Amino acid sequence: MKHKKLVVGTSLAATAAIAAVTAPQVNAESYTVKFGDTLSELALQFNTTIEEIRDANNIQDINKIFAGETFEIPTATKEAAPQHPVQTQEVKETAAVEHHEEVQKDTHSALQNGVYTVLAGDTLNRIAEEFGTTAQAIRDLNGIQGDLIFVGQPLQVKVGLVSTAKVSDDQDDEVIAEEYAKDAPSTEQAATSEYTVVPGDTLTKIAEAYGLNVEELQLANGLDSDFIYAGQVLAVSPQAVSQAQKSQEKAEQERQAQAAQEKAVQEKAEQERQAQAAQEKAAQEKAEQERQAQAAQEKAAQEKAEQERQAQAAQEKAAQEAQLREEARQKEAARQAREAQKKEAVAQPTAKIAQHGPYNGSVDPRNLAPAGQCTAYVINRLYGLGRPVPGMMGNANEWGAYAAQYGLAVSNHPQVGTAVSFPAGVAGASSYGHVGFVEAVYPDGSFQISEMNYAGVSGVNYRTIPAAVASSCQFINF
């Protein structure tokens, strides 16, 4: 009858001891990182650990690797001797089985002896829920202060986990429970140069076990804080501490030498800077002298230009005054001409060929011209006589053209009841022309008109137009 042993209970220190017994010797091979790769996946693929890949390639952050990087991957070649011997005590239980079966995996395939390896996307709450515990219990087991965990980090999730694996052979089988010694490194371990952290370890605890203090342990392993994690390999030998101290002293000497060299460079640079500053100051003083000379020249030029401007302004003012005097003279001449026309109209015979009654104030409701304009008055005068214009007539100098389009009679002979259109400049018409209503025609060919907005007059105005003007006008019969 054959008997096989089955581990059914482990302590925290025993977990590390088992890992140390089977630790492989490694060689290295090159691997180029692809998109989606992680250190934990590479460690599983090449049968190594995240820490070995990290140390072999000087990786600063195990959670940040980039596609295209080439890593030297340590790979297992053969089994090495155990690093941490552990005393065990066997408690045997036997159970007969009829068929030989292979050892079945634990209910949680990722769980080995109560230790779980963190995968991408894991959180403490998710792991606690999966293994029927709490996030705080996992923190306490692993000495974790917050919620920060790393991919590939081993976490103790249960204490004294009992495996459900079965062992059998063709004769009969035994199930043997073993309980491993707990926690602190043994005397044999204290003689080694490296120690693998297990859940519950602290720097103080490890340092005391190896006759070191925390500062020496931190120095030997390049640690900036007290944070360590399960599975982390620490150098614990006095030689490592001595070497780290020597390296630190050498680095300090190099730093001081570098500082002295930098100081010499800075002093030389300061001397050059001062020399350069002196040159720049001399150049600035010279430039300032040239600027002042240039400013004096510009000031003289500006004063001369101002004198010329004032002379030009005096000439322009004299010209403007002369123009104003000429405009005043022309206005006076026009006024005198209008007065002469009025006197001439008074002197005309009283006999008339025909005449309409006075304007009764009627208003064409179509609003064909702006109120107060000469065009609006004539449109309203015709509307009051029952002869409204057919539509829009445009500006005063356009009435003849519009009338022809409407098919109305247009001539150069004044008739009572017609609208007269004066072109620009005739009988005081503006550049837009002027219109009036023919009220009477005299035997000598002169004619009387009623009008509005002539010479700025807003009300209805009457005046007599000389016969000689008729040939320049258009008389429209509506």
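We number each residue from 1, going along the chain as drawn.
Placement of Cβ uses the backbone N, Cα and C atoms for every residue, glycine included.
Curation plays no part in TrEMBL annotations; they are all automatic predictions.
What TrEMBL annotates here:
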type	residues	note
COMPBIAS	264-273	compositional bias 'Basic and acidic residues'
COMPBIAS	282-291	compositional bias 'Basic and acidic residues'
COMPBIAS	300-309	compositional bias 'Basic and acidic residues'
COMPBIAS	310-322	compositional bias 'Low complexity'
COMPBIAS	323-345	compositional bias 'Basic and acidic residues'
DOMAIN	29-73	domain 'LysM'
DOMAIN	114-157	domain 'LysM'
DOMAIN	193-236	domain 'LysM'
DOMAIN	349-477	domain 'Peptidase C51'
REGION	245-366	region 'Disordered'
SIGNAL	1-19	signal peptide
Positions whose Cβ lies under 8 angstroms from the compositional bias 'Basic and acidic residues' (264-273), at least six residues beyond its ends: none
Residue distribution over DSSP helix, strand and coil in the domain 'LysM' (193-236): 15 helix, 6 strand, 23 coil
Residues from the same chain, set at least six apart from the ends of the compositional bias 'Basic and acidic residues' (300-309), whose C-beta lies under 8 A from its own: none
Surrounding residues of the compositional bias 'Basic and acidic residues' (282-291) on its own chain - C-beta under 8 Å, 6+ positions past either end: none
Helix-strand-coil residue split for the region 'Disordered' (245-366), DSSP-based: 103 helix, 1 strand, 18 coil
Composition by DSSP (helix, strand, coil) of residues within the domain 'LysM' (114-157): 15 helix, 6 strand, 23 coil
Local confidence of the domain 'LysM' (29-73) - pLDDT mean: 86
